[in-house]
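Chemist: Following this message is one structure expressed as structure tokens.
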């Protein structure tokens, strides 16, 4: 009789080599990556759904929230059917991966790998950094990158709230994901030409924020402006819920930046700390500027400052030191403030385009600024923990060429999004109007969706003009002190 196998005191769930626990699996990394993906997903649903639904005029609350919710769902399906491999698969062109589904278990339960991420020395023969192979399954990688793609489309939507035809938005989302987002993701993250050249984008300052800001502004141009009454006065319908959505956005950024080393390591910790330092600094600087120039500390302004700080640190979250994060926070709280409050009002090209939430300032300006500052402050030891190009360093540490790389990388993202987004909008105009008809624009949610965010009166009664007080979309409450500062911008 054969002797029984020796007793193993390690629980089965923690024994290596089992079917669901292969030798290469690091459970800590896998758990953190899944948590990070969930945190980023919560930034969108319910984070930006709540923020968008509450920061707009009350007649657009439902439409704005639904645009975010629809985009999230549409991106998930497109991502697993073809877009993931266009962003992180085998190289088709220097800026684009080969399309294909990410649905079968033979692909999803294998160890994660980015096949185009092998980095070679300048002779193009000797490997400088091997292919990225995190210690968790491909399913984790697919979902983690999916939530980044989804939030990019939702951020873009902020530029066209309050007037874009929902049917046009339904078509726009998969088209822009396919022809714009995947190009930036592959070029900078998936092993494309900007990745190989050494352009730094730790967690999406260019791939997500610069692209969504430029594409949002471009889409706003082609869609056209809101009705005059909405553009002149667009007060938030619930400032407290704006803060709730903003809080989810801020806390969720721990996964946004902390998950990008693809491991629960020291660089991940550095990224999370820097993220909070920069966001806090930027919020305070923006608020101080509001007080100095408008004599009012604006809640909406503070949220804008928080967002610009989070965006600015994103391309360098795990690459810069804490003092540099403070400097980046000072810059992100002041430069986008200046472009939004001063330049936007004086430069006709900016003021002529109705960018509803000022996404070009909070994301494009802040993202490009963060990318350039990363090229300035990237610390060599931190770069070695993350980047594929050995001996990478910022301008402060003798890497002056890195600043040029950052500028060129940003200009490529700007140019691609200007052209491709314009083409998508022009093509869509032949299929469906990009802008809602005037009768829908005047009424809002009820005309577009047959639903209203605040439709109940008294004890649950639907509003009836013959029995209830006069309803007016004007929320000025008949005071003689018009609001000023950041709230008016939004």
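Placement of Cβ uses the backbone N, Cα and C atoms for every residue, glycine included.
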Chemist: Given 173-194, 437-458, which one carries TrEMBL's transmembrane segment label?
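Modeler: Range annotated as transmembrane segment by TrEMBL: 173-194.
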Chemist: So which range, 206-224, 472-490, gets flagged transmembrane segment in TrEMBL?
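Modeler: In TrEMBL, residues 206-224 carry the label transmembrane segment.
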Chemist: Could you tell me what the rest of the chain brings near the transmembrane segment (299-317), counting residues at least six beyond its ends with Cβ under 8 Å?
Modeler: 55, 200-206, 208-209, 236, 239, 242-243, 246, 249-250, 253, 256-257, 260, 270-272, 274-275, 277-287, 290, 324-325, 328-329, 331-333, 336-337, 340, 358, 361-363, 365-367, 369-371, 373-374, 377-378, 485-487, 490
Chemist: Thinking of Cβ pairs under 8 Å, which stretch from 65-85, 173-194, 206-224, 407-432 has the most of them with the transmembrane segment (364-387)?
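Modeler: Looking only at 65-85, 173-194, 206-224, 407-432, the most contacts with the transmembrane segment (364-387) come from 206-224.
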Chemist: Mind checking which residues of the chain, 6+ beyond the ends of the transmembrane segment (173-194), have their Cβ under 8 Å from one of its Cβ atoms?
Modeler: 70-71, 74-75, 78-79, 82-83, 86-89, 91, 94-97, 114-118, 145, 148-149, 152-153, 156, 201, 206-207, 211, 215, 409, 412-413, 416-417, 420-421, 423-424, 428
Chemist: Restricting attention to the domain 'Ammonium transporter AmtB-like' (31-454), give the mean pLDDT.
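Modeler: On average, pLDDT over the domain 'Ammonium transporter AmtB-like' (31-454) sits at 94.
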Chemist: Is the number of Cβ-Cβ pairs under 8 Å between the transmembrane segment (206-224) and the transmembrane segment (65-85) three or more, considering only pairs separated by 6 or more positions?
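Modeler: They are not in contact.
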Chemist: Which range wins on Cβ pairs under 8 Å with the transmembrane segment (142-161): 31-53, 236-256, 323-343, 407-432?
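Modeler: Comparing 31-53, 236-256, 323-343, 407-432: 31-53 has the most Cβ pairs near the transmembrane segment (142-161).
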